[in-house]
Amino acid sequence: MSKRTTGLAVEAEGLTRSFGETRALAGMDLSVPAGTVYGLLGPNGAGKTTAVRVLATLLRPDGGRARVFGHDVVAEADKVRARVSLTGQYASIDEDLTGVENLILLGRLLGLRKPAARQRADQLLAAFGLTDAGGRQVKKYSGGMRRRIDIAASILNTPDLLFLDEPTTGLDPRSRNQVWEIVRAVVAHGTTVLLTTQYLDEADQLAGRIAVVDHGRVIAEGTPGELKSSVGSGTVHLRLRDAGQRPEAEKVVRAALGVPVQLEPDPVALTARVGGEGSDLAASEQAARALADLARAGIVVDDFSLGQPSLDEVFLALTDHPAVPDDERDEQLEAAR
Amino acid sequence: MSDTATTTGRAPSVYVPSAEALATVLAPGERPPRPSALSASLTFGWRALLKIKHVPEQLFDVTAFPIIMVLMFTYLFGGALADSPRDYLQFFLPGIMVTSVVMITMYTGVGLNTDIEKGVFDRFRTLPVWRPSALVGMIFGDLLRYVLAAVVILGVGLVLGFRPDGGLIGVAAGIGLLVVFSFAFSWVWTFFGLILRSEKSVMGVSMMVLFPLTFLSNVFVEPSTMPGWLQAFVKVNPITHLVAAVRSAMAGSTDPSNTMWLLLWSAGFVVVFGTLTMYRYNRR
């Protein structure tokens, strides 16, 4: 047991990989402690998927080196494969086959005899709430069910390291919560999880540590708390009844919070970051103070919310550009696959 | 997930991940030993059979296409090249069987190309199994399609008046040789299926290779009727050796020289294109 939960699951130094003109990985360093959930956070085209594919032995890096549980991903690929599992961004499941058939197929390929593979398949389907759907073709599953059968297939051999590439992209909130619960259970049983995501709140919910990825390299790394405090732990969004009061409101809020206030394109909206490093007050307290000051100044606020900084804001703070999904770059990477 | 409480009895029950149920499947068990190369390949072959079971339309190309080929060429050329379609058939049927089955091998490449575009190959390629097994198993599944096509053609031939002197054993031996060659030849298409972008381009390349290969051979007419330079090509064409060997087997004799050439070609295809395929497969 100690072997599964101590030390580093992943060590990568200076990984590079290009597809034609596009540098998908531009010297990426990573170290993922075993027994935790580690989040790779970044927009489309940042290089997250390429990194996962290199670590899962699907892609050779052009330069740099990576080890998974001490085994080199290129030279000892087979040893790495014996300990990892991958749930890709697109269903890593045969959609023409039924759920049961998929799981039996993988069980057999992992060395189980037919009765044992069948038993394991039934167990997994039950645990993932898919018993009734087991006999149906996977292409007839809903998005959430597809994700679940995919993850079930990935833990068939209880891997030591599980890669989840954007496990909740495109899922409805309930399915997303289910996936989160599953991820928590998986890590509680000693499997290390490396997950990529575009959502800060997902990384925040699940990951012990997060690496923020941009243009093929890690631009920030730390616990969610560390990252957020470097950015500001929340954002206040305000919508006024009267657009004419906005200049006045900006002054009041800036005075109350002591931070710059952003005027949104919407003429009645303004936002401000709160809970940053220099502040000793909690974000909610700061926000409450701003609201009170606005009320005192006779400014009517129709809509108020206090939210986590978005990925966009994290990016803006860490780089000098917002986290625009680099779709062109993403498409180039896709095409190069 | 408080909304689970409000679901009525009629709605499908909502899945709530249960810690206990997940715990039972997450308990690290003994890892079974790695399956042998053959066992892994056969398991992938089972996958191919399951795909045929779930998508039976894919058998269209191994049934309708060969029937059309036999009918078309027997009646198109039969009168001109022999005294009657029935006479021509005795010469022609083994050849059209070879042509049809060899043409069907290209679907191995097309199938692999579409398969690999989906994510499932990512999973296969992260499994600690014998590397070529996913592709070998896929071709095992295709072998069934080749046998099926050959049997369909034989059936149509028998109805039209094909009477092989070699009897059951001779016919079976002929089909056996054809299947061996097709297995080997399929590796050409796995390679193209991996290097080309789309299934359309795989089809295009396949046609460009298959048409000259099958038509510039002894399938339709005796090579002695062709100009010398063409005979030179026809003579070394593996399809010519294959057709000659299958023809003699079905006629109840043996043709050691052509059979040997055919087996050498088959071995060559596996070694060269099998290696190229695996190189690409590992590099992707």
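Here the Cβ of each residue, glycine as well, is placed from N, Cα and C on the backbone.
TrEMBL has this to say about the protein:
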type	residues	note
DOMAIN	B:57-284	domain 'ABC transmembrane type-2'
TRANSMEM	B:59-82	transmembrane segment
TRANSMEM	B:88-112	transmembrane segment
TRANSMEM	B:133-162	transmembrane segment
TRANSMEM	B:168-195	transmembrane segment
TRANSMEM	B:202-221	transmembrane segment
TRANSMEM	B:260-279	transmembrane segment
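With a threshold of 8 Å between CB atoms, the same-chain residues lying at least 6 positions outside the transmembrane segment (B:59-82) that come near it are 52, 88-89, 91-93, 96-97, 99-101, 103-104, 107, 145-146, 148-149, 152-153, 156-157, 160, 220-221.
Stretch with the largest number of CB pairs closer than 8 A to the transmembrane segment (B:133-162), among B:88-112, B:168-195, B:202-221, B:260-279: B:88-112. Residues 73, 77, 81, 92, 95-96, 98-99, 102-103, 106, 109-110, 113, 188-189, 192-193, 196, 230, 233-234, 237-240, 243-244 of the same chain sit 6 or more residues outside the transmembrane segment (B:202-221) yet have a Cβ under 8 Å from a Cβ within it.
Listed as Cβ neighbours of the transmembrane segment (B:168-195) (distance under 8 Å, sequence separation of 6 or more from its ends, same chain) are residues 94, 97-98, 101-102, 104-113, 116, 135, 138-139, 142-143, 146-147, 150-151, 154, 202, 205-206, 209, 238, 242, 245-247, 249-252, 259, 262-263, 265-270, 273-274, 276-277, 280-281, 284. Here the transmembrane segment (B:260-279) has long-range neighbours at 131-132, 135, 177, 180-181, 183-185, 187-188, 190-191, 194, 238, 241-242, 245, meaning same-chain residues at least 6 beyond its ends whose C-beta is under 8 angstroms from one of its own.
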